[in-house]
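Participant: Structure below; questions to follow.
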Amino acid sequence: FRTERQSRKLTLVIVFIALLLDNMLLTVVVPIIPSYLYTVDDAVANMAKNHTTASPHTPSGTFHTIVSLYDNSVRVTSRGPMDSTPITLDQAQAVSLSTSALTPHNSTEPDCPKADDQLLNENVKVGLLFASKATVQLITNPFIGPLTNRIGYQIPMFAGFCIMFLSTIMFAFSSSYTLLFLARSLQGVGSSCSSVAGMGMLASVYTDDEERGNAIGIALGGLAMGVLLGPPFGSIMYEFVGKTAPFLILAVLAVLDGALHFLTLFSLQSQKGSSLWSLIKDPYILIAAGSICFANMAIAMLEPALPIWMMETMCPRKWQLGVAFLPASISYLIGTNIFGVLAHKMGRWLCSLIGMVLVGVSILCVPFAKDIYGLILPNFGVGFAIGMVDSSMMPIMGYLVDLRHVSVYGTVYAIADVAFCMGFALGPSAGGAIAKNIGFPWLMTIIGVVDILFAPLCYFLRSPPGREEKMRYAFEYWLLVKAASDAERTIHCRPHRLKLLPSFHYQVKRRERNSRHTLIMRHTLNGLSV
């Protein structure tokens, strides 16, 4: 039973569910928050306008509406501060909807939000809210990486589940912008713990480069499923059940995976790896991290800006705001599963280069869509290309540490997560401001061109050089293997020397078992055999 608890398959299942939960919570808010904030703001504005019209003799010095962040209510005042009635935000939405229902309009025209300053201002508010998670995660990651090297991966992973559960509960019951912002920021801390520790766990238990690539591809499938299920799940539940329901379901999932991970909580390990600064100075790690950052920045800019652009130009229903991301999510799931295996054969550098170009071309095509059906092909291309990049660069980060540094993976996957978070921090925050000032089409043009220009740098990852110390270990390993091979050939002509063979095999197996440079030795042996 103890062996089963610590098995590689159980580790893979735990990381898969952790990434699924994190990214479902990341994307389930994409269709909910823009519509929810616009509804609340529009309700408050309409109530203030209606009350002003109904009470023309109200003194100019009095407040007409007061938003209370203490109990999440809107107080509508009449002639004096003592004459006030508290109304919850849900009631405010109902009042707004009933008011709009009484307003005469042509029933054949869609009931769309007006493309006014209020809707444009939602770009900035939603962008800052979405970026808060990645910003906090960006700050937390440099501390989580070295921490996993000291105390192991299990405790940070379990802490991540606990924080994720708390964040999900806050999302479910928060109705003000401040509390939603706090819940999103808290999610960044939990995501930092679970993602860094999870990828480090996989890299440590899957030491073979090809097996590691396959395992990371499967784990990224959990990420892809979270991205896939989040937007449509959130939009459908929000329209037909309510805002609270999807977050409560995710909270239950967090509890279940946390209980599963509790089984492995006490298998602690401490390892001393390369310093964070030495890894940051490595140009090859920086190129790999840059690919992750700019590829994911494309979808990060798309998430807050696309629903608002659709509300301006397409007049969609609430559930369509989330379904628009469905092609990208499906294609990301396909891409990570295909190229988790294929990238090792075709060359991960080439897979990433093609993916970066495809991200840029696809994102440039998004503004040409005239309806929701026109978004299918561009979004499919964006998701598929990001899947190519992620499934190639995540294994390369571990491979570069094996090749050029000490094979301890917490810090390098903290850098990978920092790159991911920089994309999701700069993307929504800068993207919201750019979309407001120069428009959504120019926003897509900028990030598309950046991705295409960055793509050629992936060529430098074709054959990165190893460190001299690692090459010395590899040469010693090659000498042992060569000696064992010579002994095997000697057996055919000198059977009495058969007793020498076990000692050679023992030295080779001991080197394979104890050395952290086995992958590098095999890599160098391939070069020596050529």
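Here the Cβ of each residue, glycine as well, is placed from N, Cα and C on the backbone.
A TrEMBL annotation is a machine prediction, not a hand-curated record.
Keep in mind that this is a model prediction, so the values were computed, not measured.
Annotated domain 'Major facilitator superfamily (MFS) profile' per TrEMBL: 11-466, in sequence order. Among the features that TrEMBL reports, transmembrane segment is placed at 12-33, 157-180, 186-206, 218-238, 244-263, 284-302, 322-342, 349-369, 375-401, 408-427, 439-461.
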Participant: Which of 218-238, 284-302, 375-401, 408-427 has the most Cβ pairs closer than 8 Å to the transmembrane segment (439-461)?
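Facilitator: Selected stretch: 284-302, with the most Cβ pairs under 8 Å.
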Participant: Which residues of the same chain, at least 6 past either end of the transmembrane segment (322-342), have a Cβ under 8 Å from a Cβ in it?
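Facilitator: For the transmembrane segment (322-342), the sequence-distant neighbours (Cβ-Cβ under 8 Å, at least 6 residues beyond its ends) are 27, 30-31, 213-214, 216-218, 220-221, 223-225, 227-236, 299, 303, 306-307, 310, 316, 351, 355, 372, 375-377, 379-388, 390-392.
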Participant: Which of 157-180, 244-263, 284-302, 408-427 has the most Cβ pairs closer than 8 Å to the transmembrane segment (186-206)?
Facilitator: 157-180
Participant: Looking at 157-180, 244-263, 284-302, 375-401, 408-427, which one has the highest count of Cβ pairs under 8 angstroms to the transmembrane segment (349-369)?
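Facilitator: Against the transmembrane segment (349-369), the leading stretch is 375-401.
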Participant: Across the domain 'Major facilitator superfamily (MFS) profile' (11-466), what is the average pLDDT of the model, as a whole number?
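Facilitator: Here the predicted model's pLDDT, averaged over the domain 'Major facilitator superfamily (MFS) profile' (11-466), is 79.
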Participant: Sequence-remote contacts (6 or more beyond its ends) of the transmembrane segment (408-427), Cβ cut-off under 8 Å?
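Facilitator: Distal contacts: 130-131, 133-135, 137-138, 141-142, 144-149, 153, 188, 192, 195-197, 199-200, 203-204, 271-276, 279-280, 285, 288-290, 292-301, 303, 393-394, 397-398, 400-401, 447.
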Participant: Are there residues at least 6 beyond the ends of the transmembrane segment (157-180) whose Cβ is under 8 Å from a Cβ of it, and what are they?
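Facilitator: Beyond its ends, the transmembrane segment (157-180) has Cβ neighbours at 14, 18, 21-22, 25, 29, 33, 37, 40, 69, 72, 88-90, 125, 129, 186-187, 189-195, 197-198, 201, 243-244, 247-248, 250-251, 254-255, 257-258, 261-262, 265.
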